[in-house]
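Annotated in Swiss-Prot:
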type: DISULFID; residues: Cys7-Cys61; note: disulfide bond
type: DISULFID; residues: Cys8-Cys23; note: disulfide bond
type: DISULFID; residues: Cys11-Cys57; note: disulfide bond
type: DISULFID; residues: Cys13-Cys21; note: disulfide bond
type: DISULFID; residues: Cys31-Cys38; note: disulfide bond
type: DISULFID; residues: Cys35-Cys50; note: disulfide bond
type: DISULFID; residues: Cys40-Cys48; note: disulfide bond
Amino acid sequence: SSKWEACCDRCACTKSIPPQCHCADIRLNSCHSACESCACTHSIPAQCRCFDITDFCYKPCSG
């Protein structure tokens, strides 16, 4: 899998139906490719987090 493929190691979902899930991963310099609302710090390297709310979790990045 490429590093740009959407994936998430730390995903949390609500128990509602449909669930509301978000990824808490911190990535360097960019968010995953499927992220629409990405926020990054101004540090070098930048630490970025995706703030999208989805009804599923992406597959884990590691393993």
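Cβ atoms here come from the backbone N, Cα and C positions, even for glycine.
Highest local Cβ density among the disulfide-bonded residues Cys23, Cys57 belongs to Cys23, counted as other Cβ atoms within 10 Å over all protein chains shown. Cys35 (disulfide bond) is surrounded by 20 other CB atoms, counting those within 10 A of its CB over all protein chains shown. Within 10 Å of the C-beta of Cys40 (disulfide bond) we count 16 further C-beta atoms, all protein chains included. Recorded residues Cys48 (disulfide bond) and Cys11 (disulfide bond) have their alpha carbons 15 Å apart, per Cα-Cα distance. Within its own chain, Cys8 (disulfide bond) has Cys23, Asp25, His32, Cys57, Tyr58, Lys59, Pro60, Cys61 as residues 6 or more apart in sequence whose C-beta sits under 8 angstroms from its own. Closest to Cys11 (disulfide bond) in space, going by CA atoms and restricting to the disulfide-bonded residues Cys35, Cys38, Cys50, is Cys50.
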